[in-house]
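Working notes for the structure below.
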Amino acid sequence: MAGKIVVLGTGGTIAGTGDAAGASVGYTAAQLGIDQLLAAVPQLAQAARGPLLAEQVAQIDSKDMSHAVWTRLLARCLAHLEDDEVAGIVITHGTDTLEETAWLLHNLLPAHKPVVLTCAMRPATALAPDGPQNLLDAVALAAEPTARGVLMVAAGVVHGAREVTKVHPLRLDAFASHDGGPLGWMEAGRVRWAHGCAPAGQEPRHGALAARLAQGGAQWPRVAIVLSHAGVDGSVVDALVAAAVDGLVAAATGNGTLHETLHAALMRAEQAGVAIRMASRCPQGRMLPQSDLAWADAQGLSPVKARISLMLELMEGAKG
């Protein structure tokens, strides 16, 4: 018999209900439980190829995602991935911070089984909700024997955790993978991989930290993002340093350029013991290597993903 597929619910628009019948906007996220979402899609049983289990980990609008919810979600993922009877995991999630959760899990979870995040741009009560099809595709992808690692699927497109980014506030195809492109597409209940075969699952960079973090044995560091823009001054950086921030990600213009006043403030922050990383505001491309770059760049990560990477580095003691 095929292995179990476990669906972990965290809330989001996919579990939302509209303020008016059939409305696609003007809704409240995280109103329906994961059991209700599964019951609305009877085709899931066939897509799962085996037993289908549901578990409510959280019930939030993902704009309010917290380190506490991440800790619970990580713990449940680790527990289910260690179960030999589990073939894969699906996580229902809000769209606003999905890319952050995906990148966090990619860096912490073992990659021998698929962990598939999915979402919706319309609430469950919309005239034509997108959540049911996305959920069906996610379960089918989690049951795919060749799938590995942390993946995301929405609007029929399969994305990897590193590249996936929300790029539109309203469209059903609200996510893109920019330079890397999608990993594949869901077609008639099966995945078609972009390069003819499934991408190899990458072992997590911070896998040794995962169990300690899931058990509450590691404290989340305070890492903030500061944006370089016209007319910026260093007051925000100075205030964050005064508030005992542990790390800062500078969202730089272009190829890693910073306003001179922000640069000076970041230098002061570094002298005060704050870890600094650089990421570009540009949604595509990577910063070219520069001998005069003051701080390590984020290797093409967006500022929000660079923040997660810096938090994990700090938790492992790799500060600086």
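The backbone N, Cα and C atoms fix where each Cβ goes, and this holds for glycine too.
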Worksheet item: Which of these, Ser24, Ser62, does TrEMBL list as part of the substrate site with Thr95, Asp96?
Response: Ser62
Fill in: Candidate with the highest Cβ count within 10 Å, taken from the recorded positions Thr13, Ser62, Thr95
Thr13
Fill in: Those residues of the chain, 6+ apart, with a Cβ under 8 Å from that of Asp96 (substrate binding site)
Asp61, Ser62, Lys63, Met65, Lys166
Item to complete: Express in Å, rounded to the nearest integer, the largest CA to CA distance found among the substrate-binding residues Ser62, Thr95, Asp96 named in the record.
Response: 7
Worksheet entry | Rounded inter-Cα distance in Å - Thr13 (active site, O-isoaspartyl threonine intermediate), Thr95 (active site) | 7
Worksheet item: What other residues of this chain sit with their CB within 8 A of the center of the CB atoms of Ser62, Thr95, Asp96, the recorded substrate site?
Response: Gly12, Thr13, Asp61, Lys63, Met65, His93, Gly94, Thr97, Leu98, Cys119, Lys166
Response to the item:
DSSP, reduced to three states, assigns Asp96 (substrate binding site) to coil
